[in-house]
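Chemist: So TrEMBL says this about it:
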- B:17-56: DNA-binding region (DNA_BIND)
- B:80-181: domain 'CoA-binding' (DOMAIN)
- B:G91, B:A92, B:G93, B:H94, B:L95, B:G96: NAD(+) binding site (BINDING)
2 protein chains.
Amino acid sequence: MFKRFKIPEATIGRLTSYSRFLKEADEKGVTTVSSQQIARATGVTPAQVRKDLAYFGEFGTRGVGYNPRELYNYIMKILGLDRRWSVAIVGAGHLGTALSLYKGFAERGFDITCIFDADPEKIGKKIAGLEVRSLEELSQKVKEYNVELGIVAVPAAAAQEVVDIMVGAGIKGIINFAPVNVSVPEDVVIRRVDLASQLEYLTYHLGETR
Amino acid sequence: MFKRFKIPEATIGRLTSYSRFLKEADEKGVTTVSSQQIARATGVTPAQVRKDLAYFGEFGTRGVGYNPRELYNYIMKILGLDRRWSVAIVGAGHLGTALSLYKGFAERGFDITCIFDADPEKIGKKIAGLEVRSLEELSQKVKEYNVELGIVAVPAAAAQEVVDIMVGAGIKGIINFAPVNVSVPEDVVIRRVDLASQLEYLTYHLGETR
């Protein structure tokens, strides 16, 4: 029901921050939090918190606040995180290895279940307990492990080919770390993580003070 | 002048995309582009393009369009990218190594000039032609290489200490890849890159089609 409207992308990112704060509050035994408290903990304004939540319906009690556990559960449902997701990584270089070892995925419900590479020297190696497999095995393993999400951690020149293989195997959501735009069919969601653009947020803000 | 207003963070991210398209257009010898063309190439609406640019003043000629090179140069200035920036990475593990080798930084004006680690086994090793140095050398090297930006690629438990060292050495902008929030003084800009949240954009959108 709450998904009828087009939600700004930045709202999704903030919901993630709110949910982390709400989880911590709940774990500490807190039973009520205000939009001011959520705002302070996540670095936004209270008005922004209320606006973001308003996209999804009525929450909390005016003048009282929100129950952290209830709001957390609701946000996790909005984000599609009321279940676990099986994730495949393609690329067993430094970035793919770092992502395989990244502790932050499992705690949000993302299980890295398979790792692939085209390099015969990497195939068969173990990373984070998983055997690196050849791209030829991708389609079969995606079925075996019910993989729905894929992470592309290969050089720019190989990215489109890898994405095509992922899409062909039925993967519906892809994160692309390669510094290149790739195309996917309309029913596949793709997101490019541009590492340089992260630095550009800094230089923009530092520019403000020059 | 254009920095008086509070610009939405998402606008900054889109300016980055626009600038990449404009550079390509200019390199192909294109002399005029429309907001429709910018929009199509970057996956937003033409109205969004016009709104984003309007934050910074009047551009282009109504009914004619923009000169790609002029607009590119202006956006790069807005983003603080009309100069090069010296960047230090702390953490020479898989993620730090991947970032040191990442091709996308140099082409946007970011030069990785030093790499640090606390692990004696890593100190002295070479990554991307740079010698890994101890944290004790950070302050001196930051001065020597005019480092203004830092990237934190260490485990969560070490992140705050590393950030404190960076801030003490005079670094004014920090990207934190560790899955933890860290605090900085008011005059330092920090941005946390939450790798799990990238996957959450996918699950949110996949949720829409469930």
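Just so it is clear, glycine is given a Cβ too, placed from its N, Cα and C backbone atoms.
Caution: TrEMBL annotation is automatic and unverified by curators.
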Chemist: Out of B:G91, B:A92, B:G93, B:H94, which binding-site residues come under 8 Å of chain A, measuring Cβ to Cβ?
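Modeler: Qualifying residues, whose Cβ lies under 8 Å from chain A: B:G93, B:H94.
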Chemist: Under DSSP, the DNA-binding region (B:17-56) has how many residues in helix, strand and coil?
Modeler: 28 helix, 1 strand, 11 coil
Chemist: Sort out the sequence-distant neighbours of B:A92 (NAD(+) binding site) for me: same chain, 6+ apart, CB within less than 8 Å of its CB, listed by position.
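Modeler: Looking at Cβ-Cβ distances below 8 Å from B:A92 (NAD(+) binding site), excluding near sequence neighbours, one finds B:S100, B:I115, B:F116, B:D117, B:D119, B:K122, B:K125, B:I127, B:V132.
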Chemist: Across the whole of the domain 'CoA-binding' (B:80-181), what does the mean pLDDT come to? Round it, please.
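Modeler: Averaged over the domain 'CoA-binding' (B:80-181), the predicted model reaches a pLDDT of 95.
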Chemist: Within 10 Å of the Cβ of B:L95 (NAD(+) binding site), how many other Cβ atoms can you find? Include all protein chains, please.
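Modeler: Within a 10 Å radius of the Cβ of B:L95 (NAD(+) binding site) lie 24 other Cβ atoms.
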Chemist: Which residues of the same chain, at least 6 positions away in sequence, have a Cβ lying under 8 Å from the Cβ of B:H94 (NAD(+) binding site)?
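Modeler: Set apart from B:H94 (NAD(+) binding site) by at least 6 residues yet with Cβ under 8 Å, there are none.
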Chemist: If we count other C-beta atoms within 10 Å, could you say which of the binding-site residues B:G91, B:G93, B:G96 has the fewest?
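Modeler: It is B:G93 that, of the binding-site residues B:G91, B:G93, B:G96, has the fewest other Cβ atoms within 10 Å.
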